[in-house]
Amino acid sequence: MDTLVDIFGYLTVVLNGINLVAMTMAFGSVLFLTCLALPLAPQLKLSADAVAEAGARYARWGGIATVIATLSSLTLNALVLSGTLEMPVLQVAGAFFIEAGIVQVLAAIAIVVVARGHMTRPRVAVLTALALVMLVASLATSHAAARPGERVWMLLATFSHILGAGLWLGGLPAFLSSLGQAQSRDEGAAIGQRYSLMSITGVILIVLGAIGISIGFIGGLQGFYGTAYGAMAVTKGVMLGILLLLGLGNFRTIRRFAAGQGESLTRVRRFVEVEIAFAIAILLAAGSITSQPPASDLTDDRATWAEVVERMTPVIPPRLESPSHDSLAIPALQEKLDKEWRDQQASNRPQAFVPGAGELPPRNADDIAWSEYNHHWAGLVVLLVGLFALLERAGVRWAKHWPLLFLILAGFLFLRSDPETWPMGNVGFWDSFRDPEVVQHRTFVVLIVAFTVFEWGVRTGRWKNQALALVFPVLTTVGGDLLLTHNHAISNIKEQLLIELSHLFLAVLGVAAGAARWMQIRGSGRDARWAGWIWPTCFVLVGLLLLAYREA
Amino acid sequence: MSTVRPPVSRPTRRPFLFLGLAALAGAALAPLLVPAAAQAHAIVIDSNPKVNDTLGVGGNVLKVHFNSRIDRARSKLTVIAADKTEVPVTLSESPDDETLVGQVTLPFTGSYKLRWQVLAVDGHTTRGDIPFTVTQP
């Protein structure tokens with residue numbers, strides 16, 4: 001139980017994110033049936049069955065994933081609540097969020113059951129009603145529902161935001177599958193144009209909801225950069241902007257395809273694949289936001305613009321030598337940190353935590369110096385990887401061995417991330433896994449080694465299978481997603497926010513690099529060519545960001 | 001009534017199954033990855049006592065006002081003395097859905113903390129401490 005409580009905060013964020021992805025796919029696929037498959041059925045003479053089955057299939061998968069994620073989340077919350085309140089689980093089970101969760105699960109199960117066989121009008125109508133029930137149940141546990149006083153407008157804004165996401169992003173897998181089923185140019189054009197219309201409607205609903213949520217939950221400009229809630233909202237906005245550009249590209253391609261101007265549906269499908277990667281990242285970020293207090297409630301201890309600028313200004317030169325306590329900079333920094341700690345202790349601001357978390361210990365100048373040293377070395381390696389990959393793209397053949405540079409990074413991370421653990425410190429290898437931060441670092445080491453093995457094999461021609469080549473973009477995107485699903489200080493500990501800001505940039509660049517590499521492998525012609533320049537550039541930027549990283 | 005039948009055959013998706021498994025492996029590892037601090041939702045807007053306030057020995061009314069509606073039946077207040085002993089708090093009627101009110105009898109002078117744990121209506125559990133001092137009235 002203690003271990004469960006220890007990791008409760010992060011588990012909640014991850015489950016929220018997965019639940020949002022699953023639920024959006026489930027009701028987005030149902031909306032795909034309602035707004036596309038059924039109305040277009042008379043036009044889609046040859047592929048009508050397959051298009052409807054695509055919508056039904058993803059509705060079922062989304063429903064199953066929703067059931068698993070929601071039940072996991074409810075069980076986790078009930079257990080932790082029961083344990084921390086010393087209250088029987090059955091008594092905890094009467095909580096409103098559990099009742100709402102059970103309604104969501106029942107609606108999802110019903111979707112899985114109903115989305116089978118012939119997609120008749122009555123069946124799709126029932127599915128639509130069930131999707132709305134699921135959506136309303138999720139709304140019941142939103143920030144808007146918990147607001148004191150008047151909350152109708154915030155509920156409407158949240159409803160619009162979630163509905164728009166379902167209409168545009170949730171239907172993408174079904175759309176992708178349907179494009180592959182089109183039996184003629186007319187059918188492909190009809191599917192593409194109809195989905196474009198759904199997407200535009202979805203974007204309008206998302207933006208309207210975002211405006212309402214920004215006004216109600218973020219407030220002024222400082223809320224965007226001075227709080228974790230605002231910073232995550234901006235990150236979502238940036239990724240939404242990228243998605244809009246991709247969507248616009250698709251819209252134009254479909255128009256030219258419909259007009260017989262030489263475009264192919266395959267190009268649209270590649271763009272949709274990339275859109276799905278960004279959609280997942282956005283929904284995971286949204287899941288992370290739902291576990292934070294709104295920016296408008298955090299009026300103290302916000303980061304100022306000057307503090308943000310100071311933190312984003314690179315350390316010159318980067319720390320590439322082992323920090324020494326004898327260095328004059330360390331005692332000076334420690335003095336500054338001690339003053340910050342004393343000020344924080346003297347503050348009358350009440351702190352708040354999730355079970356399992358607590359007040360952060362005072363910061364230590366040596367730790368910060370080591371952390372910056374680690375980040376800067378990692379940055380140097382990633383920068384070199386990006387530059388070598390650019391050289392390879394430019395035609396320099398020997399540069400194709402760039403994946404091996406990642407082994408240096410993996411070894412460095414393994415030895416340096418947690419110096420108190422084996423092999424550098426006293427804590428044993430297996431004992432060290434009790435510390436979640438160590439687990440995080442070790443997982444990244446495994447991911448990096450896996451990536452190196454696959455990508456080097458692909459680059460040197462040892463492995464010809466395209467699926468193996470796709471491991472790199474998948475892992476890079478998952479890495480970016482993991483950075484988006486981290487948790488945050490609830491009372492907006494300013495220092496944590498300032499550290500988090502650089503991680504948000506890294507997350508977006510990670511997802512962009514993965515998506516671009518995917519496009520390079522799966523796409524063709526002009527798209528593959530420019531994608532081949534984009535992802536190494538993302539790596540160069542990640543390297544530079546890491547080299548500029550600072551914690552004080 | 002327009003009726004749509006299921007397709008006769010489906011295209012193979014083996015490469016995507018493999019990649020799906022790779023992504024799933026990443027996602028399965030994700031819950032193990034826990035950064036330093038934590039998050040949630042309900043935070044204290046106002047309280048009695050406030051942080052580092054002084055109360056008198058004897059009967060006192062404790063109040064904690066939050067930024068969101070809370071499930072009072074699944075929330076609690078506890079007072080903890082410097083020697084870690086707990087002083088019982090009896091929850092009483094609250095003026096609104098966002099406030100926890102409790103009655104406590106503080107037996108001795110000294111340092112105490114008011115520990116609160118609340119379940120917000122949206123399902124987030126949060127806890128925290130409000131340190132205060134007790135003196136002779």
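Quick reminder: no glycine exception, Cβ is built from N, Cα and C everywhere.
Note: TrEMBL annotation is automatic and uncurated.
These come from TrEMBL:
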TRANSMEM  A:20-41  transmembrane segment
TRANSMEM  A:61-80  transmembrane segment
TRANSMEM  A:92-115  transmembrane segment
TRANSMEM  A:152-176  transmembrane segment
DOMAIN    A:190-288  domain 'Copper resistance protein D'
TRANSMEM  A:197-221  transmembrane segment
TRANSMEM  A:227-251  transmembrane segment
TRANSMEM  A:271-289  transmembrane segment
TRANSMEM  A:373-391  transmembrane segment
TRANSMEM  A:439-458  transmembrane segment
TRANSMEM  A:467-485  transmembrane segment
TRANSMEM  A:497-518  transmembrane segment
TRANSMEM  A:530-549  transmembrane segment
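As a whole-number mean, the pLDDT of the domain 'Copper resistance protein D' (A:190-288) in this prediction is 90. Across A:227-251, A:271-289, A:373-391, A:530-549, stretch A:271-289 shows the highest tally of CB pairs under 8 A with the transmembrane segment (A:467-485). For the transmembrane segment (A:497-518), the most Cβ-contacting stretch among A:92-115, A:227-251, A:530-549 is A:530-549 (pairs under 8 Å). Sequence-distant neighbours of the transmembrane segment (A:271-289) (same chain, 6+ residues past either end, Cβ-Cβ under 8 Å): 13-21, 24, 165, 169, 172-173, 175-176, 179, 229, 232-233, 235-236, 239-240, 242-243, 246-247, 249-250, 253, 473, 477, 480-481, 484-488, 507-508, 511, 514-516, 518-519, 522, 527.
Packing against the transmembrane segment (A:61-80) from elsewhere in the chain are residues 1, 4-5, 8, 11-12, 15-16, 18-19, 21-29, 89, 92-93, 95, 97-98, 101-102, 104-105, 108-109, 111-112, 115, 134, 170, 355-356: each is 6 or more residues past its ends and has a CB under 8 Å from a CB in it. Residues 312-315, 318, 372, 375-376, 378-387, 389-390, 393, 476, 502, 505-506, 509-510, 512-514, 516-520, 523 of the same chain sit 6 or more residues outside the transmembrane segment (A:530-549) yet have a Cβ under 8 Å from a Cβ within it.
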